[in-house]
Amino acid sequence: MIKASTWQVVKTLMRRDLKVALRRRSDIINPLLFVLMVVSLFPLAVGPGPDVLGRIAAGVIWVTALLAALLGSERLFRDDYLDGSLEQMILLPVPLPVLALAKIAIHWLLSGLPLVILAPLAALLLKLPVEGWSTLLLTLLLGTPILSALTAIGAALTVSLGRGGALLSLLLLPLFIPLLIFAAAAVEGALVGAPVVGQVVLLAGLMVLTLTLAPLAVAGAIRVSVN
Amino acid sequence: MWRWLHPYAKGEASYRLLGRWLPWLTGSAVLTMMVGLIWGLFYAPPDYQQGDSYRIIYIHVPAAIFSMGTYTAMAIAALIALVWQIRTAEWAIAAIAPVGAVLTFIALFTGAVWGKPMWGTWWEWDARLTSQLILLFLYLGVIALYHAFSDSRTGAKAAGILALVGVVNVPIIHYSVYWWNTLHQGATITKFEKPSMATSMLIPLLICLLGFALMTAAFICQRLRNEILRQELHRDWAQQELN
């Protein structure tokens with residue numbers, strides 16, 4: 001019998017998830033295309049003037065990011081649930097919350113980080129004034145892990161339901177609201193030249209809190225779903 | 001205490017206990033509500049600033065307070081259900097959620113009706129209104145998740161986890177909305193300054209609060225009884241109860 005340490009298990013799990021995801025690149029690329037499409041719809045809808053666009057740019061990018069997070073959430077646990085790996089994860093002699101955190105980390109690497117990288121392009125399209133750029137990127141960098149963690153809770157709760165799309169948005173969007181408020185306020189503050197340390201620190205605090213508690217909720221939800 | 005509590009983990013025992021409480025709760029709820037509302041709506045003095053339209057406070061404030069109170073109650077039931085696996089607590093989640101959602105809706109609706117003559121608009125993105133709206137969404141999410149599963153046991157547990165996640169988030173949402181509101185719009189509307197209430201107005205409000213509490217408890221009692229009966233339909237005692 002081979003005894004593997006927790007860290008080894010986590011590393012193996014993450015490597016496997018990365019490999020699986022990289023073999024199906026469209027799952028990673030499609031949400032990003034969605035973001036770009038939605039962002040480019042806004043100038044068509046409200047007019048291309050920089051005054052209006054620059055004013056709403058940060059909010060639009062953030063709302064789009066929330067929707068994209070919902071869009072890509074199904075793949076978090078779906079395949080593992082269908083082929084029984086999720087059950088095996090419960091049976092592993094490794095705390096389930098740790099594995100949940102690993103899943104969240106991989107999900108962030110594949111959906112949150114690309115979004116942060118894409119954000120300057122979206123900001124360019126929406127003519128966000130340069131003063132707001134660094135703050136936007138910082139809020140996205142702090143906020144997307146929160147998105148991944150909360151999405152994981154919703155995905156774990158609905159994984160056994162088959163199609164949980166609309167239900168998932170009902171469950172998750174209210175939980176996203178504080179994130180949206182702080183992030184949008186930070187960028188808006190940066191645009192008028194106000195100090196944004198407060199909002200950024202609050203976001204960082206939210207991130208730590210979410211990453212601490214969410215894995216427990218995800219683990220509980222997985223146990224309920226697999227049953 | 002455990003020896004006393006333990007029988008009520010079983011459906012039948014809690015069904016009978018709730019059945020004993022129900023008439024008392026209903027009776028006292030009807031009585032206090034009638035006293036409080038009639039006193040508040042007819043006999044309390046009109047406000048010097050708002051005239052008679054302030055009287056909606058006698059419905060609005062109790063509904064708003066207990067919309068949050070029932071969420072807490074639901075979260076406690078969820079915790080009990082998840083930690084001790086007590087089925088009655090699982091059913092309590094299902095029993096409490098719709099009552100809380102309706103209370104939230106009443107608070108929102110009366111708030112809108114009150115806002116029209118006072119602020120001149122049906123809906124204002126006021127911090128309290130907004131966080132109440134989000135609370136309604138949270139309730140609806142719990143209800144939707146509960147009913148999404150074909151197996152009601154799984155549904156109750158999933159809804160319980162969501163309720164617990166929600167209860168951690170409620171204060172965060174609440175304060176973030178307050179903060180957002182002060183940041184974004186400041187005092188664009190002359191929000192009515194809450195005067196420290198005169199005693200003659202306060203007493204009927206307190207009675208209404210008590211009435212709402214009793215009414216909420218009575219509704220939850222009845223709903224929980226129905227839920228127990230529905231879930232235990234295959235048991236002998238439930239069949240006997242129905243015949």
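A Cβ is built for glycine as well, from the same backbone N, Cα and C atoms used for every other residue.
What TrEMBL says about a protein is an automatic prediction, not a curated fact.
Here's what TrEMBL has on this protein:
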type	residues	note
TRANSMEM	B:21-44	transmembrane segment
DOMAIN	B:27-184	domain 'Cytochrome c assembly protein'
TRANSMEM	B:56-84	transmembrane segment
TRANSMEM	B:91-114	transmembrane segment
TRANSMEM	B:129-149	transmembrane segment
TRANSMEM	B:161-181	transmembrane segment
TRANSMEM	B:201-221	transmembrane segment
Task: Outside the transmembrane segment (B:201-221), six or more residues from its ends: residues with CB under 8 Å to it - done: 18, 21-22, 25-26, 28-29, 32-37, 39-40, 43-45, 47, 57-59, 61-63, 65-66, 69-70, 73, 92, 95-96, 99, 103
Open item on the list: Counting Cβ pairs closer than 8 Å, which of B:21-44, B:129-149, B:161-181 has the most of them with the transmembrane segment (B:56-84)?
Closed with: B:161-181
Task: Long-range neighbours of the transmembrane segment (B:161-181), counting only residues six or more past its ends (CB under 8 A) - done: 68, 71-72, 74-75, 77-79, 82, 93, 97, 125-127, 130-131, 134-135, 138, 141-142, 145
Task: Average pLDDT across the domain 'Cytochrome c assembly protein' (B:27-184), rounded to a whole number - done: 84
